[in-house]
Structures are given as structure tokens and as C-alpha cells.
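Structure first, commentary second.
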Amino acid sequence: MSGPPPPVALVRTAVRRALRDLPAGSLVLVACSGGPDSLALAGATAFVAPRLGLRAGGVTVDHGLQEGSAERADTVAALLRNLGFDPVERVSVTVGTAGGPEAAARSARYAALEKTADVHQAAAVLLGHTRDDQAETVLLRLARGSGARSLAAMATRTGRYLRPFLDVDRRTVHEAASLMGFEPWSDPHNTDPAYTRSRVRHEALPVLERVLGPGITEALARTATLLRDDADALDAWADQAQQQVGRGPTALDAAGLAGLPRAIRTRLLRRIALAAGCPAGALTAEHVFALDRLVTEWRGQSHVDLPGARRGRRHDGQIIVSAD
């Protein structure tokens, strides 16, 4: 008897690899929008999970941003039940405005996924991000001047969130969804030039492919993997250094900092700023560099203004971040 078509076999293998270390009897939830990536993920999980002794459930989130979104969420929930998923949750969310429409929708979606996973005590939540999504994320963060940790982009595992398709190209995943008999929904936001990611996908990446040659998507995703390894090593070094120069959660010894490489200093300075209450999304590299100048270019200068009504200052040989 012949096996499944290659794209279907590939996505099943990717899901099997992601789930194989989970304890038997664990519940895994598939986040499904009804698009081709998440439908392929749902189909592969429906096949793989029971063969690994796992329970499969699903969750679909209605952001309420488009006409007909409620009916579409109902359709996706019914499809997941037909695949044998149990439980299946259909969650409606209210999308705010903080950080722009894409970021606000993402925040609302992840909050819903987290709550659903908590309620059902899920061991893992599966997300359908592909290698192409990874490449787009790298470009978006590169344009913001991000560091190694941010450029490392998405991990195959972040806490309970698993991304089985992160090493699989989008075309293969879409072929798998079609071969499984799904009729995916096409999100108009994915082709709307008002959204930055859409412009990267349909304008920037094709230009890079034409100018630099094929393989740019794979190269960007590979860069993310390499940078993740580097960032992990630097974070571990920073952990060790903090034990030596830390003076509580929001202060560091200035002389000890001065003897460390800049990559380690800036990590530690960012940590104390966050611990003091600076909002992560508002704390930029320039803020951290200004704190670093209190170490490397100390001339008795004044404090550094930071987001969240916080200040960084040098006092009694320490770099301290506190409220105004």
C-alpha cells in the first residue's frame, strides 16, 4: 500500500517530531484560524496525536475584525470537531489598539489561547507558523534595528507553544492542506498592503529573491536559528555575570559592569530596567545604550529618562533604575 503524498507525509513527520516527547495522555491544542497553515496543522495532528497516545483539541479565535468572522469561527470549530478534536473552543475577543492593529490582534489572540490552555490543562498549544513566516519576522525585526535575541525570531518551542512547521516552507504546507481535502479561508489581511507583514511578504521578499537569487527565505530562517544559538549563549553568560555584579533586581555594580563585554552589559542593563517597571515594548536599544554610557562614559552626567516614568542614574558606584 502506497503512503501519503510527500507534502502530507512531511507535515505529519514535523508534527510527530514536535509531539514525540510529550507524556502519553497529554492534551495538545491546535490553534486554527481556518487558513491553509493551521488546517494542515490540524489535519496532521488529528492523524499523529492518537498514534502517540495523545489527546487532540482545538481552539479558534474570532477577532471580530471582519464581516462574517463569527460565522467563519463557527465553521472552523465544526471542522475541528469533525476531525475528532475534543475539546474544541470557539473564543471571541476584543482587539484593542495598543501597538497597532497587528500587534493588538496578536496580543488578544495569545491571551485567549493562554486562557484556553489553562482551563483545559493543555500540555502544548500548536501554532502553524512556517519557515516563510520566520523569514518575514527576521526582516521586520531587522528593519527595526533589533539585536540577536529579537532577530532570532520565533522558536520551535516557547513554553507550551510549539511550532512544528517552522522548518517547512509555506508552499509545501499549503499543498498538504489541499491534498488533505481542506478548503482554506484566505485572510484578506494577508494581502492588504496596509499591513507591514503583507508588504514584506508580497513586495520585499520577492524583490530580494529577484536581486539576490532564490533561497533568501531559507537563508533568513537559517540566520534566525544561528542567532538563537548565539543569543542563548550570551544570555547564559549574562546570568553568570549578574550573580557577580547584581545589587538587587534593579541595580548593578558599575565597576563590575565596566569589565564586561558590551553585549553582556546591555543585557544586564535591560534586565534591571524591565525589573524596575519599564514597559518592554517601549524600552529601545537607545535607552539601553544611554544607560551603558553611565558605565563607559561617566563624567558625572545627570540621569537617563526611561519609558514608564523611570530613570536610570549612577549613584555610589551603582547603576540604578527607579521611578521618577
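In case you wondered, yes, glycine gets a Cβ from its N, Cα and C as well.
Residues or ranges marked as ATP binding site by Swiss-Prot: SER33, GLY34, GLY35, PRO36, ASP37, SER38.
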| query | Quick one: what's DSSP say for ASP37 (ATP binding site), helix, strand or coil? | reply | helix
| said: So if I measure Cβ to Cβ from SER33 (ATP binding site) and keep only same-chain residues at least 6 apart in sequence, which ones fall under 8 Å? | reply: THR60, VAL61, VAL76, GLY128, TRP185, ASP187
| query | Around the ATP site recorded as SER33, GLY34, GLY35, PRO36, ASP37, SER38, what other same-chain residues have a C-beta within 8 angstroms of the site's C-beta center? | reply | CYS32, LEU39, ALA40, LEU41, GLY128, ALA177, PRO184, TRP185, ASP187
| Taking the Cβ of PRO36 (ATP binding site) as reference, which residues of that chain separated by at least 6 in sequence fall under 8 Å from it? | VAL173, HIS174, ALA177, SER178, PHE182, PRO184
| remark: The number of other Cβ atoms within 10 Å of the Cβ of SER38 (ATP binding site), counted over all protein chains shown, is 27
